[in-house]
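Single-structure report; data block below.
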Amino acid sequence: MPPSEEIKLRAVSPRPDFKANYLEFANAPAIVRANQKDSYFETVLRDKLQNVIQIFKGQRFTHTHPEEIGVAAKALYLSLTTLLGTKTLGEEYVDLIYVSRDGKRIPRYLARAGFIFAYAILPYFLTRLFRRLKSSSTPKDEVTEEKINKELPISLRIEKYLSNMSYSKVLDTIMNLHIAVFYFSGQFYNISKRFFSMRYAFGHKINKERTPNGNYELLGGLIVLQLVMKSLGGFKGLIGSFTGNDEHDESNLRANNKDIMYGIPSEEEQEEAKQQLGIIDLSDPGQLPYIPESSRQCMLCLSYMTNPTAANCGHCFCWSCIIDWCKERQTVLCVGKKCWNSNCYHCIRLFYIPTLNKICFFFLLSFLSVRAASKEFKSTKEEFAELFNEELADIAGEDPHCPGPFPTGRTLGYFLVVF
């Protein structure tokens, strides 16, 4: 063949399909499985990190900073894998790798670092910022705000209605809408990945004949339907404000004020609530002064007990601390019953959670406190403390696991009868 004809054949020959060499993008089920696996290992790393921090900083620090420890564990997990350009354990489980939006290259270092900051660290600061804004915002005049002025134009009414919406509801709506879009398209599981153009692709060749055809479009449709129903309810409330439905306006204002996520009360409100509800806080020396200082601290949070609660073994903790402990340390689930067992933190003895003596113990200590503060009982206050501790010392002789200056559940009825 002459050289001229060979050149002509090369010129008219079709160009190779470079797209055939690209990796195939991952589908939604594979991405969800990888995310679930990563969430599990992040939890394991958080527990290990919490144990290490507990050795150096103490148990009280781990109980007062659980959110910070979770953020640190998530950032550490992604920094050791994604930031260094390696796969996470979840990505290794289903063989996924990060590629750019068009699938032609691997995401750069700055994109990976920005994704880790936006995914693991930024939500923590946003949450703290929203909480601070919520707590620092001064309440407006309730009389003028409960009823929307009918003389205002529609634009100002809409602006007032939107101003009553909380940050948490807006963020939840955005997240639900984004996850619905992911279920339909299967492209970006997180908003941060969409912002930094980080998509998942399979690291191996996919056999489409063996790949199941099912996907998550149905879940996306259900989420969209839920958002539509919520939007209709909000639109109905907006129309009701224009038509003068004051009852609906007041209910909306009450619902907006009851923001569970960001409505953290101030210290003054907490103290006022404690006085109204009669909560026992042993940090106050004036409450139950006959209890020794060495016995006023909780063994879980290492701070003064709030609403002391006695287990069957007699050891006492804060009500919230022992409930959180029981939720994390459930041992044997009762079959056919709504109860479960747990072990005491101090003596590791088994007890039934429904038998925690918070109410009875609270009533007993309140009753004894009133008797100790009465005029006829002040003269024998020291004698009462001695008798109280002697009785409990006898009980401790019968039960070596009794903590000493607090009654066990077995003696609560006895003291109620005596006093």
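Every residue gets a Cβ built from N, Cα and C, even glycine.
Residues annotated as topological domain 'Peroxisomal matrix' in Swiss-Prot, with similarity to another entry given as evidence: 1-27 (among others).
The transmembrane segment feature in Swiss-Prot is assigned to 28-57 (among others); the stated evidence is similarity to another entry.
Marked as transmembrane segment by Swiss-Prot on the basis of similarity to another entry: 59-80 (among others).
Mean pLDDT for the topological domain 'Peroxisomal matrix' (81-108) in this predicted model: 90. Taken from Swiss-Prot, the feature topological domain 'Peroxisomal matrix' applies to 81-108 (among others).
Per Swiss-Prot, transmembrane segment is recorded for 109-141 (among others), and the stated evidence type is similarity to another entry.
Feature annotation from Swiss-Prot assigns topological domain 'Cytoplasmic' to 142-158 (among others); the stated evidence is similarity to another entry.
The transmembrane segment annotation in Swiss-Prot covers 159-185 (among others).
Remote same-chain residues near the topological domain 'Peroxisomal matrix' (186-215) are listed as 23-32, 34-35, 91, 95-101, 103, 107, 111-112, 114-115, 118-119, 122, 174-175, 178-179 (criterion: CB distance under 8 Å, separation of at least six residues from the stretch ends). Per Swiss-Prot, topological domain 'Peroxisomal matrix' is recorded for 186-215 (among others).
Among the features that Swiss-Prot reports, transmembrane segment is placed at 216-235 (among others). Counting same-chain residues at least six beyond the ends of the transmembrane segment (216-235), those with a Cβ under 8 angstroms from any Cβ of the stretch are 28-29, 32, 173, 176-177, 179-184, 186.
Look at Swiss-Prot and you will find 236-419 (among others) tagged as topological domain 'Cytoplasmic', backed by similarity to another entry.
Marked as Zn(2+) 1 binding site by Swiss-Prot on the basis of similarity to another entry: C298, C301, C318, C321. For C318 (Zn(2+) 1 binding site), the Cβ neighbour count at a 10 Å cut-off comes to 25, with all displayed protein chains included.
Swiss-Prot lists 298-360 with the feature zinc finger, giving sequence analysis as the kind of evidence.
Residues or ranges marked as Zn(2+) 2 binding site by Swiss-Prot: C313, H315, C334, C347. Look at C347 (Zn(2+) 2 binding site): DSSP puts it in coil. All protein chains shown were included, and the count of other CB atoms within 10 Å of the CB of C347 (Zn(2+) 2 binding site) stands at 16.
Outside the transmembrane segment (59-80) by six or more residues, the chain places 38, 41-42, 45-46, 49-50, 53, 88, 116, 119-121, 124, 300-303, 321 with a CB less than 8 A from a CB of the stretch. Counted within 10 Å of its Cβ, the other Cβ atoms near C313 (Zn(2+) 2 binding site) come to 21, all protein chains included. A Cβ distance under 8 Å defines the sequence-distant neighbours of the topological domain 'Peroxisomal matrix' (81-108), meaning residues of its chain 6+ beyond its ends; these are 22-23, 25-26, 30-31, 33-39, 41, 115-116, 196-204. Distance noted between the C-alpha atoms of C318 (Zn(2+) 1 binding site) and C347 (Zn(2+) 2 binding site) is 16 Å. In this structure the alpha carbons, written CA, of C347 (Zn(2+) 2 binding site) and C298 (Zn(2+) 1 binding site) are 14 Å apart.
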